[in-house]
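Novice: Quick one: this structure, given as structure tokens, is what I'll be asking you about.
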Amino acid sequence: MSPKTETKASAGFKAGVKDYRLTYYTPDYETLATDILAAFRVTPQPGVPPEEAGAAVAAESSTGTWTTVWTDGLTSLDRYKGRCYHIEPVAGEENQYIAYVAYPLDLFEEGSVTNMFTSIVGNVFGFKALRALRLEDLRIPPAYSKSFQGPPHGIQVERDKLNKYGRPLLGCTIKPKLGLSAKNYGRAVYECLRGGLDFTKDDENVNSQPFMRWRDRFLFCAEALYKAQAETGEIKGHYLNATAGTCEEMMKRAVFARELGVPIVMHDYLTGGFTANTSLAHYCRDNGLLLHIHRAMHAVIDRQRNHGIHFRVLAKALRMSGGDHIHAGTVVGKLEGERDVTLGFVDLLRDDFIEKDRSRGIYFTQDWVSMPGVLPVASGGIHVWHMPALTEIFGDDSVLQFGGGTLGHPWGNAPGAVANRVALEACVQARNEGRDLAREGNEVIREASRWSPELAAACEVWKEIKFEFEAMDVL
């Protein structure tokens, strides 16, 4: 019997409890190209050595349990166990370590984000030997990523469908998010699209409530976007939220959206679940629908620095599960997001190949082997004065969404949309002429407001509005 396949049954079984590090801490291990690699921020309980804590994470998220079991002898642990292969202290933090764990590919079902997370972030996060645990990053090998469809269409296909190039796309979340009738909701959609926006959006918690059932909303929104298209000559879209209480109901809503001929639907991927999201993404590719993804509930999982899952991991998981857009923070708005960290996972969403860069929180080089990219969506507390910064930070391949920054315009919804479109076009033109938006952005907006009364009114309303709080998610 070769060492690779030797079992404990052949060597004799000894019952009892032994340290995890004796089996699962392997500092000499050389990772394989097919391994899934994980970087965990580990905070051990007092008295627990970091090697034991890292090994416990590797064990409890793969083949291990709290005691030796005789059935270990019926398989090859060397083939299937996770391995903690490196540990390093976290600079500036007491009793925190980054534990690197390698998982053999055979531990995971092909094409299943659900199974991947059930293993890697399952019971181990409640393990008593750990005071706190955070999954900072994952390296998804090409051998595994190729088992996923990924985004239904991707960035280039979306631009071709919309016939829009050379600038960020503009959107707006309809407000108030709850309480409008379907007809009034459709009216707001029409006014925003007619004013110059590319998209309008259901808020994440708009599903099918008593004040507005989903079918009525879909019908009035479809009417609104077709009317706006006819008047502007531009292709328009509204993110029709298909999220529902069951997968069957979700698919029924997506089918109805396709029958209406609209270009895009929406899903809340964390509250809806990865299984539902992947099913919807497959339907969208097969039926020509774009898929907008909202990350509602993400901050419950990712906001604490020492416990949970970093959003860069949730972003990678979404690219695998499938989505053409995902909300990714704004850096400058009301929602959490530090610049370097945000741009790190924005690149992980959009690019084919991303080098390891710890200055941006990227722990591993990631090769997506031509999986379609995802457009990051900047949304939350942004207005026309933010347009230069947003254009400079996110670049062309992004969606900039102004909810209150459109519907809060003193002259109404359509003028609010006009103000945002004028501001965006002015920023793109200035950038293309070689001007520095980071330094000259405010002047670019002031110049444009001289010939756009809608923009001038918006500038006056929001000139003092800032959200200057310290970010929690910093390196």
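Using N, Cα and C of the backbone, Cβ positions are placed for all residues, glycine too.
From Swiss-Prot, for reference:
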- LYS175: active site, proton acceptor (ACT_SITE)
- HIS294: active site, proton acceptor (ACT_SITE)
- ASN123, THR173, LYS177, ARG295, HIS327, SER379: substrate binding site (BINDING)
- LYS201, ASP203, GLU204: Mg(2+) binding site (BINDING)
- PRO3: N-acetylproline (MOD_RES)
- LYS14: N6,N6,N6-trimethyllysine (MOD_RES)
- LYS201: N6-carboxylysine (MOD_RES)
- LYS334: site 'Transition state stabilizer' (SITE)
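Can you walk me through where each of these features ends up in the structure?
Specialist: Take the CB of LYS175 (active site, proton acceptor) and look out to 10 A: across all protein chains shown you find 16 other CB atoms. Secondary structure at LYS175 (active site, proton acceptor), taken from DSSP and collapsed to helix, strand or coil, is coil.
Non-local neighbourhood of HIS294 (active site, proton acceptor): GLU204, ASN241, MET266, HIS267, ASP268, TYR269, ILE326, HIS327, each in the same chain, at least six residues away, with C-beta under 8 Å from its C-beta.
Sequence-distant contacts (6 or more apart, same chain, Cβ under 8 Å) of ARG295 (substrate binding site) comprise ASP268, TYR269, LEU270, PHE311, LEU314, LEU318, ILE326, HIS327.
For LYS201 (Mg(2+) binding site), the same-chain residues lying six or more positions away in sequence with a CB closer than 8 A to its CB are GLY171, CYS172, THR173, ILE174, HIS238, TYR239, MET266, HIS292, GLN401, GLY403.
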Novice: Here are some binding-site residues: ASP203, GLU204. Which one has the most Cβ atoms within 10 Å of its Cβ?
Specialist: GLU204
Novice: List the Cα distance (Å, whole number) between LYS177 (substrate binding site) and ASP203 (Mg(2+) binding site).
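Specialist: Cα of LYS177 (substrate binding site) to Cα of ASP203 (Mg(2+) binding site) measures 6 Å after rounding.
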Novice: Cα within 10 Å of LYS175 (active site, proton acceptor) is the criterion; apply it to the binding-site residues ASN123, ASP203, SER379 and give the hits in sequence order.
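Specialist: Of everything listed, what lies within 10 Å of LYS175 (active site, proton acceptor) (Cα to Cα) is ASP203.
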Novice: Counting other CB atoms within 10 A of each CB, which of the binding-site residues LYS177, HIS327 comes out lowest?
Specialist: LYS177
Novice: So if I draw a 10 Å sphere around the Cβ of SER379 (substrate binding site), how many other Cβ atoms end up inside it?
Specialist: 25
